[in-house]
Amino acid sequence: MASGNENVLVGCIGGSGLYHLDNLTFVKKLDITTPWGKPSSPITISSLPSGDLIAFISRHGPDHSISPSEVPGRANIAALKHIGVQAVIAFSAVGSLREEIAPGHFVIPDQIIDRTKGIREDTYFRGIGVVMHSMFGEPFSQKLNGFVAPRVEAILKKAEHNVELHTGKTVVCMEGPAFSTRAESLMYRQWGGDIINMSVIPEAKLAREAELDYTLICTSTDFDAWRTGHAPVTVEEVVKTFHTNSANARAVAAGILQDVHDVVAEGKVLDEIKGSMRFSCVTKRDAQSAETREKLAYILPYFTE
Ligand SMILES: CSC[C@H]1O[C@H](OP(=O)(O)O)[C@H](O)[C@@H]1O
Ligand SMILES: Nc1ncnc2[nH]cnc12
C-alpha cells in the first residue's frame with residue numbers, strides 16, 4: 001500500500017486512446033489496493049521537468065481491457081486521493097450531439113446528464129451504515145475548469161494543432177457498451193446534451209465525494225447517431241479518430257500540467273471543493289462504526305478525528 005503522502009498533487013486519468021503522457025520522466029509505478037479494490041492500472045508517477053510529480057491512471061487499463069461499465073471508479077479515485085492528489089484532469093473520447101462540435105474538436109463540459117443504469121458502483125456511501133450526501137449541482141470544479149480552459153485553448157490554437165475548444169457544454173453519460181439509437185441521440189439533443197460518453201459517471205461523482213477538484217477534457221471522435229442522412233457512429237470511426245486526437249491530448253497535458261500543479265500547490269484552486277464533505281454526514285456520530293470510519297478515512301482523513 002502507498003504511504004498516503006507521495007507529494008503528488010495532480011492526477012491524470014487517460015481515456016480511450018490516451019494510455020500515457022509525454023514529456024515526463026518515469027519515477028515509479030504504485031501497485032495500490034484500496035478498500036474498494038485495485039485501480040484500473042498501477043498508478044504511474046512521473047516528474048515534470050521541474051521535478052514536480054504527476055500521477056497517471058489508464059481508465060480502461062493499459063491494454064484497454066476494462067469496459068466503461070466495469071471501470072473500478074471507486075478504487076481509481078480513492079487511490080489518487082490517498083497518495084495526496086487534490087486535482088484530477090481526466091480525458092475522454094466523446095461523441096458529438098452538435099453540428100458545430102466536429103470530430104477532432106476539444107470540449108470542456110460544465111454539466112452532466114446521467115443516463116447510466118445503476119449497475120456501476122457510484123458512491124462510497126452505500127452499505128456502510130452512514131448516510132452522506134454530496135453537492136453535485138455543479139458537477140465539475142468551476143475554478144479548475146476556468147483555470148484550465150484558456151490554457152487548453154492557447155495550446156490548441158497553435159498552428160501545429162489548429163483545433164477548436166468548446167466550453168460551457170453538457171455531457172450525457174450513457175451506460176453502453178452499445179452506442180445510442182438514433183431516437184435516443186435525437187432525444188439527448190432536445191434535453192440540451194452537447195456531447196456523449198460512457199465514462200464521466202461515476203468518476204465525477206466519486207471525485208466530488210472524495211473532495212477532489214475534477215475537470216474533464218473531451219476530444220470529439222464522431223457525430224453519434226442523430227444526423228439524418230448520415231450513418232450512425234461505428235467503433236472503427238471512433239478508434240481511428242481517438243488515435244489521431246491522442247497526440248493533441250498529450251500536447252494539451254504536457255502544456256498544462258505544470259500550471260495546474262503550481263496553482264494547486266499555492267492553494268488557489270481548491271477552496272471550492274476541499275472541506276465540502278465535512279458536514280455532509282447525517283448519521284449520528286455514535287452510530288458510525290469504527291470500521292466505517294476507518295474505511296472512509298482513506299479518502300476523507302477527518303474521519304479519524
Ligand atoms: C471506445 S468508444 C466508447 C468509449 O470511449 C470513451 O471512453 P473514455 O471516456 O474512457 O475516453 C467513452 O466514454 C466510452 O467509454
Ligand atoms: N458516440 C458515442 N457515444 C458514447 N460514447 C462515445 N465515445 C466516443 N463516441 C461516443
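Any Cβ shown, glycine's included, is placed from N, Cα and C.
TrEMBL names Ser16, Arg59, His60, Ser92, Ala93 as phosphate ligands; from the candidate set Ser180, Ser185, Ser199, the record adds Ser199 to that same site.
Between the CA atoms of Asp224 (substrate binding site) and Ser180 (site 'Important for substrate specificity') there is a gap of 7 Å, rounded to the nearest whole number. Of all the recorded positions listed here (Ser16, Ser92, Ser180), it is Ser180 whose C-beta has the fewest other C-beta atoms within 10 angstroms. Residue pair Ser16 (phosphate binding site) / Phe223 (substrate binding site) shows a Cα separation of 17 Å.
With Arg59 (phosphate binding site) as the anchor, the candidate binding-site residues are Met198, Asp222, Phe223, and the one with the nearest CA is Met198. With a CB cut-off of under 6 A applied against ligand 1, the recorded positions Ser16, Arg59, Ser92, Ser180, Met198, Asp224 are reduced to Ser16, Arg59, Ser92, Met198. Ranking the recorded positions Ser180, Asp222, Phe223, Val235 by Cα distance from Ala93 (phosphate binding site) puts Asp222 first. Annotation: Met198 are the recorded positions among Ser180, Met198, Asp222 whose CA atoms are within 10 angstroms of the CA of Ser92 (phosphate binding site).
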